[in-house]
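Here's the structure, in structure tokens; my notes come after.
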Amino acid sequence: MTSYMAIDGSALVPLRQKPRRKTQGFLTMSRRRISCKDLGHADCQGWLYKKKEKGSFLSNKWKKFWVILKGSSLYWYSNQMAEKADGFVNLPDFTVERASECKKKHAFKISHPQIKTFYFAAENVQEMNVWLNKLGSAVIHQESTTKDEECYSESEQEDPEIAAETPPPPHASQTQSLTAQQASSSSPSLSGTSYSFSSLENTVKTPSSFPSSLSKERQSLPDTVNSLSAAEDEGQPITFAVQVHSPVPSEAGIHKALENSFVTSESGFLNSLSSDDTSSLSSNHDHLTVPDKPAGSKIMDKEETKVSEDDEMEKLYKSLEQASLSPLGDRRPSTKKELRKSFVKRCKNPSINEKLHKIRTLNSTLKCKEHDLAMINQLLDDPKLTARKYREWKVMNTLLIQDIYQQQRASPAPDDTDDTPQELKKSPSSPSVENSI
């Protein structure tokens, strides 16, 4: 049961209340905690591919799910016997249309401009059209959800159990009351203001999460109640700052309200304090902590830096691959595929392309001639060369013999003015060479 405190007989302020911990619009528990059997008769069901949010570089970006449409709710399960849904979408808050930006065929999306976009894909065009019609009718005919009802839920972020907040330890309130009594006995002129400043300091020192700040403020309120009675007995004026929060305030509204309460209470304190007290109070303000950056923004920054690092590593690997270098910087031997690619590469200048092509053909011709010459030298250097071996070699290298004969016929006849003997000038014909061997 919640107790209330009346201040100046005008407003009722709750002293202790269980905070509402909201995660993606949960009211009591997640609607994904329902099995396929418990859903009963479905309006439409079947296997669909769902695009992953954080797909790795080489893994598959689409995963197959058993999807069930029940009224205005869309559930997807890992299999037909699953006890809990992997995801849930409340369709009246979303729009359904084809996803032309996806490379996968038969894809459609369920999107919301301010919440999220889900991508699904069917096996064929017929299934995609059936799902689009069913989802479109569910979006149009059903009424929009209330603000307290969840819009979507997924299994990537586990649902926290909604448990009652544990009360603060008793020794904390005792120590705060003891310090308050010591301060009232030592400096009676600052009794009321010290208590209000302690509650204000607890209000300003708010961490990034909202429920913890609520608990701190509620812990300080009972201490201020105890201080009110002591201050009234002494007849001192009391300055008390009360901040009433809405059930679900925005983060900007929290900071704005804190700043306003801090400014108003500070002006009241400075008017009632002397110069020495104001100097000490300003020194205390210097030590006030500033709320940290929200946890969500930190996670987004980490993800962005990670993506940029992955992109840099990918670029570095591709540049090493293009330069035929190993990750350690060593020269990597070229493969046949890379050599073939390098041969196909062409320059924009046609004259240079012709010259390069001619050089490549001459190099290949030179290699062939060197190979033929090595075969002929191997035959002539054989000390055990016989007619039978020559005939076998001739049958095996018929093309080489024909090439030699053609070159001899195409070569110009030697002049008579040479000093070579007459019998050497006449080249022997092929039949005579064969007969002599």
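Just so you know, glycine gets a Cβ as well, placed from its N, Cα and C.
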From Ser246, Ser326, Ser411, the one Swiss-Prot labels phosphoserine: Ser411
Annotated stretch (region 'CRAC domain', per Swiss-Prot) among the listed ranges 89-98, 339-348, 369-378: 339-348
Local Cβ density at Ser411 (phosphoserine) - other Cβ atoms counted within 10 Å: 9
